[in-house]
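Peer 1: Feature list, courtesy of TrEMBL:
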type: DOMAIN; residues: 47-176; note: domain 'Enolase N-terminal'
type: DOMAIN; residues: 184-474; note: domain 'Enolase C-terminal TIM barrel'
type: BINDING; residues: 200, 209, 336, 361, 413, 414, 415, 416, 437; note: substrate binding site
type: BINDING; residues: 287, 336, 361; note: Mg(2+) binding site
């Protein structure tokens, strides 16, 4: 084939002429670069292959990373591990055995992605997120994505979402906003972990996290400044009161002082807020993770202690009294998972008291059917969205819409031992969630989310609005 025949076959002469004319109209200072970019955009992007590998998450556990190739670029995404293995084999395997089981499941997911998923997606337009996600879902019809794994599906879906944003030449959060049908101008309030307990720390504190919400900040940058300064003042206070050994950190990067009382933990945080000079501008939140210490129908507040007393074995109604007292004595504005994952009755009782935001985590599992039930029964008033429980970006957007339609709060959340992928930061902005939970201001997998939000705020400039005091209503507006 001659050069002329090749040009005619692919209509290159016309396309080159259009590119040159565009360069002239734009008065491009570097015509060659401009024309090259114009020609590149003239060719539609298509997925050419998908490749996965096993990496390590923030806990050193196996996780899935995906590289989605188009005819123009390569887009990478990763998702936190598939979760704790379940069943008799996992229960008897011990920690090292459970890691081996998880490693096998990740290895299986990698093989499926490299074969079946890649084959299914080749040739698709990365801008068509819903169609891509449907193609992924069609490969795993099992309940809770048991065959492929929700985290593996999510990594592919996120990589496709990044490719779609690149093809549109817009930031990821703006592409997500288009998918949601919202304008992406709001920055969420960060729920910053400062103290860890529960199964995420070796102290006696029964609840999993104490968090601070800098609702009084004028922007996200100041919110992180307030959060970081309070975090470091808390370290000094713990050092003074309990010694250096109590400055160790838990799974989410919060400090793990040797305390067993929720009030004692809240008192430490209040003291740190006051020392930092932010009294009245920072609110408190707790993640109880009550499923971890629910035995039968009672809650063992000493479940980690070798010396137990009957005084801390509480009924659900006792727990409601404890939460009511905490809300009256502290600026506590959000309680996450206050009861067992199947205790709908008492979660409803607490929610109807309207003391604070009651956020459903294990209760909802980001599952549309459980969210529907919770909305109908008024069992909670906020969603903790963990995207790797859902499986795809499209499904995550749908549950966000479901929560917003109910006028709930939405807290986009990382996972314990997350990867360094910062997708949830863009999701929180693009979906106008109002709240993001990404751990403490110290671990790399946590900071990557907060730092991405700082970049987004800088890019948005005057168009970016920090939700601040409107953190609960931002997602419903």
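The backbone N, Cα and C atoms fix where each Cβ goes, glycine too.
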Peer 1: Select one residue from 200, 437: among these binding-site residues, choose the one with the most other Cβ atoms within 10 Å of its Cβ.
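Peer 2: That would be 437, with the most Cβ atoms nearby.
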Peer 1: Per-residue pLDDT averaged over the domain 'Enolase N-terminal' (47-176) comes to what?
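Peer 2: Across the residues of the domain 'Enolase N-terminal' (47-176) the model's pLDDT averages 84 on the 0 to 100 scale.
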Peer 1: What's the number of neighbouring CB atoms sitting within 10 A of the CB on residue 287 (Mg(2+) binding site)?
Peer 2: 28
Peer 1: Specify all same-chain residues, apart from the site residues 287, 336, 361, whose Cβ lies within 8 angstroms of the center of the Cβ atoms of the Mg(2+) site, ordered by sequence.
Peer 2: 208, 209, 286, 288, 289, 335, 337, 359, 362, 384
Peer 1: What are the DSSP helix/strand/coil residue counts across the domain 'Enolase N-terminal' (47-176)?
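Peer 2: Summed over the domain 'Enolase N-terminal' (47-176), the classes give 70 helix, 25 strand, 35 coil.
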Peer 1: Based on Cα coordinates, which of the following binding-site residues are within 10 Å of residue 361 (Mg(2+) binding site): 200, 415, 437?
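Peer 2: Candidates kept after distance check: none.
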Peer 1: Using the Cβ center of 200, 209, 336, 361, 413, 414, 415, 416, 437 as the substrate site position, which other residues in that chain lie within 8 Å, going by their Cβ?
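Peer 2: Checked against the 8 Å cutoff, the neighbours are 208, 252, 287, 384, 386, 439.
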Peer 1: At its widest, how many Å does the recorded substrate site span between Cα atoms of 200, 209, 336, 361, 413, 414, 415, 416, 437?
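Peer 2: Answer in Å: the longest Cα-Cα distance is 16.
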Peer 1: Tell me, how many other CB atoms lie within 10 A of the CB of residue 415 (substrate binding site), whichever protein chain they belong to?
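Peer 2: Result for residue 415 (substrate binding site): 23 other Cβ atoms within 10 Å.
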Peer 1: Would you mind sorting out which of 200, 336, 413 (the binding-site residues) have a C-alpha within 10 A of the one on residue 287 (Mg(2+) binding site)?
Peer 2: 336
Peer 1: I'd like the Cβ neighbour count for residue 413 (substrate binding site), meaning other Cβ atoms within 10 Å of its Cβ, all protein chains included.
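Peer 2: Residue 413 (substrate binding site) is surrounded by 27 other Cβ atoms within 10 Å.
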